Amino acid sequence: MVSKFKILVPQPRSRFLLVRCPVCGNEQVIFSHATFPARCLVCGAQLVEPTGGKAKILGQVVRVLG
């Protein structure tokens, strides 16, 4: 494991996620630290519940992007 002081350029811990809607099955890209409740573009179901930091994902994470 690399110590904190040897990392010269820190990488962000937030990611974009491809999430599948539990109601209709639509796949949509959302941000892992979303501050606003994201809804499905097809059926309108809520996919993300914002918390203080990392958002609570209400759908199924298909893939982590970037």
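Each residue, glycine too, has its Cβ placed from N, Cα and C.
Each residue in the zinc finger (21-43) gets a DSSP state, and the totals come to 0 helix, 6 strand, 17 coil. Annotation source Swiss-Prot lists zinc finger at 21-43.
The feature Zn(2+) binding site is assigned by Swiss-Prot to Cys21, Cys24, Cys40, Cys43. Within 10 Å of the Cβ of Cys21 (Zn(2+) binding site) there are 21 other Cβ atoms, across all protein chains.
Listed in sequence order, the residues Pro22, Val23, Gly25, Asn26, Leu41, Val42, Gly44, Ala45, Leu47 complete the 8 Å Cβ shell around the Zn(2+) site centroid, once Cys21, Cys24, Cys40, Cys43 themselves are left out.
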